[in-house]
Ligand code: UDP
C-alpha cells in the first residue's frame, strides 16, 4: 500500500452532528477525540488540513427551536454555535498534540482570530490545521457553502464531506438494504439522479469551480486516511 497522499491540501467539512456521537445534543468528548485521531492520521502523512466546522449539534437557524425568530438572527446564533465547536475541536487537538489555529468569519477577537485568507494559507504551509468557524459569516448560508468557499480560497485539492454515511447511495441505505454506494459519480450524474451530496449552493459552487467532492464517513476508522491516499472509500464526485 502506497503512503503517498493523493491530495496535498484538503478542506474537510465536519458537521456539528458528527461531534454529538450518540448524544442528542452538544459535544461528546469521546467522539471528538476519535475524530481528532482520524485527522491526526492524515496530518502525520504530511497533508495540509483545513476544516470547516458546522453547528447543528448546538443550533440551526432553520430548526424548530428558531421558529418565530427572525431568520437572520437565528442564523447568527447558528454561526456562533460553530465557533463553540471550533474551540472544542482546537482544544481536543491540543490534547492530541495537533497544532491548530481557529479563524472566525465573524469578528470576536478575544475568542478567535478573524478570517484572513493569506494567514490561513501560511498556517497550512506550516502544517498547522486551520479550523474555520462562523461559516461564511453571512446568514442564509450553510457551513457546506462555507466549506466550498474556503476550499477554493485556500486552494484545496478537494472538499471532503464527512458524514455519518460512508458515501452517496442509490437510495437511503438505512431504509433500503439494496441501496448501492456510488464509488464515483460526475456532477452531472449527481444532478440527473437527484443525489444529495452537499446543499445546493455548495454543490453549484464546486461544480462551477471544478472542485471535486468526496463524501465519506468520519465514524469509519481509517476512512479519511483511505480517501486521502486515493483508495476506494466513500464517493468521489468529480467533473
Ligand atoms: N450558518 C449561517 N451562515 C453560514 C453558515 C452557517 O447562517 O455561512 C448558520 C445557519 O443557521 C446554520 C447554522 O449556522 O443552520 C449551523 O450550520 P450548519 O447547519 O451548516 O451546520 P451542520 O449541519 O454542518 O452541523
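Glycine is no exception: its Cβ is also placed from the backbone N, Cα and C atoms.
Residues or ranges marked as domain 'Aspartate/glutamate/uridylate kinase' by TrEMBL: 8-217.
In the three-state DSSP assignment, the secondary structure recorded for residue 163 (ATP binding site) is strand. Residues or ranges marked as ATP binding site in TrEMBL: 13, 14, 15, 16, 56, 60, 163, 169, 172.
According to TrEMBL, the UMP binding site annotation covers 55, 75, 136, 137, 138, 139, 140, 141, 142, 143. All chains included, 26 other C-beta atoms sit within 10 angstroms of the C-beta of residue 142 (UMP binding site).
Compute the center of the Cβ atoms of 55, 75, 136, 137, 138, 139, 140, 141, 142, 143, which mark the site for UMP; besides them, the chain residues with Cβ within 8 Å of that center are 61, 78, 79, 135, 145, 146. The distance from the Cα of residue 136 (UMP binding site) to the Cα of residue 13 (ATP binding site) comes to 13 Å. Annotation: 15 carries the greatest number of neighbouring Cβ atoms among the binding-site residues 15, 163 [cut-off 10 Å, Cβ to Cβ]. Ligand 1 lies under 6 Å from the Cβ of none of the binding-site residues 13, 163, 172. It is 55 that, of the binding-site residues 55, 56, has its Cβ surrounded by the most other Cβ atoms within 10 Å.
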